């Protein structure tokens, strides 16, 4: 990286503008190591780009499933029933896979941080600014996302809106970066690309060795965490913050009864209140006496873990029909919990009409435990776990 | 085409900036964004570069580098689980023994790298008896190419006659 500027000697001409005092060049680090080249950056960058693109698309889908704007609420699809599970599994595992790729990519281009003068022109300044935004947002997104999966929030802002906003910043900076660097990417895309051929041939094996190492790191971090959502690999789930088998009734829980303040629900006193054109109330026994259906649906958390389970209960559609709801009505579900962002949940008609959507009373054949929402909870296909309301006490036809 | 793509990028960045501005938490987020760059460029990258300098002359450098990459990335994703306090009211958050699991993984990486560098040395030395060397890499390493395979965590250095190096028999559950 030693580039000595060769400046042809030329006579000094008087300038109209007063010239700035020339800053002495500081002592900048030089990088004798190899592979800080465009071919290595391109090879790593395209995989990092794929990981970030997958992470961004799945993140946006997740965000709108969880916080649908009013015009979207009734058209969000309830199928495929495993859609959210796959989406969120991909979101978290592509984010984790991006960590080794980001480290390696930034290592490759690190010498570019030390150039003098730091800003050569407006164009150069803008390019550096966009790279600064790219690096900052990429590190920020992966860091905050990883900490969110362990429910650790050391920052003063709220996670969801900021993670969402910086995601747009990141994908924008990435697309701009690809546009700016397009000639270099094109020249180093393949083994026989002109730029690649100009690089020292001796670096080829070393580069392949580095890329193999990075691939091994991606494989290792994926294998040791993906089991939290891809249950066939749960035996290798050594580092994920969740394990599919750890939790009450063999299923993880995000919000416990203690956290929600609903540890003691008295079954004889509990009532389900249905509000509609024909409002009614049901005791737990009356609810259990209605037609019961058993469905196999995954519960999938925004934080990445998911697991399929068997749920038994009453179809929400049947409850709505009895309340005189027209087909295509939406429904509001209210929980017994005293506070919490998801105490009140609204469900669009696609979900409400789906025969798989239940007010569940049982999990894998057993009565729901308090942590899983005793006496009754919602389970619907293709929905984030936070919207599968637990400790249901009231439903309103909308 | 490049200009259109670039403009699209700028537009998406503007969406992000607008979301941040309407969220009203710009100052805190800006500090954390800048902190991310400082954390990487000021701490992580210099450490990695320094490690690279130390590795430059190590035999089987590619294998050692790959092992450190894998071990480092495993550590990076394990750190939150190792350091987080967990949630005492919810035993299904961070339910595993992460310290034990992390150490097992480092051990597996070390053993794997030791085996690989043993094989690599053997092939490089033109050894025909690859199979034998793969099982007893230390003899070959120790005998011929002094210092080769000196990756510390690889328990392949042993005196001939000692027991075979054991792979961790505690299977990941």
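Don't overthink the numbers, they just go from 1 along the chain as shown.
Placement of Cβ uses the backbone N, Cα and C atoms for every residue, glycine included.
Bear in mind that TrEMBL entries carry predicted annotations, made automatically and left uncurated.
Looking at A:159-180, A:181-202, the range annotated in TrEMBL as transmembrane segment turns out to be A:159-180. Looking at A:69-89, A:90-110, A:216-236, the range annotated in TrEMBL as transmembrane segment turns out to be A:90-110. Your range for transmembrane segment, going by TrEMBL and the list A:22-43, A:44-65, is A:44-65. Panel annotation: around the transmembrane segment (A:131-153), residues 52, 55, 92, 95-96, 98-99, 102, 106, 159, 162-163, 166-167, 169-170, 173-174, 176-177, 240-241, 303-304 of the same chain, lying at least six beyond its termini, place a Cβ under 8 Å from a Cβ of the stretch. In the domain 'Oxidoreductase molybdopterin-binding' (A:262-397), helix, strand and coil residues by DSSP number 24 helix, 54 strand, 58 coil.
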